[in-house]
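Q: The annotation active site, proton acceptor is assigned in Swiss-Prot to TYR26. Swiss-Prot lists HIS103 with the feature active site, proton donor. The substrate binding site feature in Swiss-Prot is assigned to ASN77, HIS83, ASP90, LEU104, SER105, ARG114; the stated evidence is sequence analysis. Per Swiss-Prot, the feature site 'Transition state stabilizer' maps to ARG21; the stated evidence is sequence analysis.
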Amino acid sequence: MAENFHILLLNGPNLNLLGTREPDKYGNTTLADIVSELETQAQALNVKFSHLQSNAEHVLIDTIHQARGNTDFILINPAAFTHTSVALRDALLAVAIPFIEIHLSNVHAREPFRHHSYLSDVAVGVICGLGADGYQYALQTAVKRLSTSN
């Protein structure tokens, strides 16, 4: 049953500035708007949903470690840590919780240094370039995968 599932959303550095930061790339939707929409969607899907945004890599890693044993799926927009953080990758592998990597912009249509991800090859999937809607698609996919695997 979906009501037993817990899905954790993690957002990395600078995503607290959504809505005002480079709206041509990231849109005008704030992170609070995205989270509010996901909370509504999670309630409709009858799943527990929690969220954390941090600009600090160690906070995201500690949160991933704490998710072990009580979280069924992670949705993560690692932001700039996508391209730099082996530690974030190792944390996700260590807890063995399935996850979807999310990006608001199409990272493959941007600067070459953004084309590499330390997470995508170990993620269930990657959603990029679909703006805030990508988060909703990720949540729907996580619930569907959990529902069909149990």
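Using the three backbone atoms N, Cα and C, a Cβ is placed for every residue, glycine included.
Note that the coordinates shown come from a computational prediction; the quantities given were computed from them, not determined experimentally.
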Q: Can you figure out which of ASN77, ASP90, LEU104 (the binding-site residues) comes closest in space to the residue listed as 'active site, proton acceptor', comparing Cα atoms?
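A: For the residue listed as 'active site, proton acceptor', the spatially nearest of the binding-site residues is LEU104.
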Q: Do me a favour and check the Cα-Cα span between LEU104 (substrate binding site) and ARG21 (site 'Transition state stabilizer'); whole Å is fine.
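A: That comes out at 12 Å between the alpha carbons.
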Q: By a 10 A CB contact count over all chains shown, which of the binding-site residues listed here is most packed: ASN77, SER105?
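A: Compared across ASN77, SER105, the most Cβ atoms within 10 Å surround ASN77.
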Q: Over all shown protein chains, what is the count of other CB atoms within 10 A of the CB belonging to HIS83 (substrate binding site)?
A: 16
Q: Check the recorded positions ARG21, HIS103 for other C-beta atoms within 10 angstroms of each C-beta and report the one with the most.
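A: That would be HIS103, with the most Cβ atoms nearby.
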Q: When DSSP states are folded down to helix, strand and coil, where does HIS83 (substrate binding site) land?
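A: It is helical.
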Q: Including all protein chains displayed, how many Cβ atoms other than that of TYR26 (active site, proton acceptor) lie within 10 Å of its Cβ?
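A: Looking across every protein chain shown, the total is 19.
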Q: Around LEU104 (substrate binding site), how many other CB atoms lie within 10 A of its CB?
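A: By my count, 24.
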Q: With every protein chain in view, how many other Cβ atoms are within 10 Å of the Cβ of ASP90 (substrate binding site)?
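A: Taking every protein chain into account, the count is 14.
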